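Everything on this sheet refers to the single structure shown next.
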Amino acid sequence: MMSSEQRREAGEGSSSLVVPPDHHQKPPSPQLSRYESQKRRDWNTFGQYLKNQRPPVPLSQCNYNHVLDFLRYLDQFGKTKVHIHGCCFFGQPEQAGPCTCPLRQAWGSLDALIGRLRAAYEENGGLQETNPFANSAIRIFLREVRDSQAKARGIPYKKKKKKRIQIKPSNNNEVPATFQLQSS
């Protein structure tokens, strides 16, 4: 039989509940970076998009066509005015008045989204060789979006050219070194 002191330590006969420490409890997860949080949110959104398809598409059967459809679906939530050919503001960098042209997702947003989804696919067990976000059709689609949005705004997209800088040797026996720098 237990003494009253032993019962108190064991919690018997008292109204207070003694909870033993849970050794199976996970330590609090570290705060995710903004990028990691966005990547997780994008991955979940894409997964939900596939589930909402009729019939639902399992991730293992997802291909680049599903990704292209997803990007087109996202356009309805865009905030970037993209002028159509018949609009008086087509090709103008500044819009002087209202127009009925559609709002679309900005090219930069779509490009960043694809980068995050491409990484998330592989982090979630997908093979690099079968990554639908890395398909050449996605790159072509993004290039077309970029070019059409640049034309609609009258701002041609030009790739930054690399400048070559030669460093002259201090000694006549050395060959000059050539470096490539990204110009801004």
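Think of each number as a place in line: the chain as shown, counted from 1.
Glycine residues also receive a Cβ, built from the backbone N, Cα and C atoms like all the rest.
According to TrEMBL, the features are:
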- 1-11: compositional bias 'Basic and acidic residues' (COMPBIAS)
- 1-38: region 'Disordered' (REGION)
- 34-161: domain 'ALOG' (DOMAIN)
- 155-184: region 'Disordered' (REGION)
- 156-166: compositional bias 'Basic residues' (COMPBIAS)
- 168-184: compositional bias 'Polar residues' (COMPBIAS)
Segment confidence, the domain 'ALOG' (34-161), expressed as mean pLDDT: 90
Secondary structure composition of the domain 'ALOG' (34-161) [DSSP: H/G/I, E/B, coil]: 76 helix, 4 strand, 48 coil
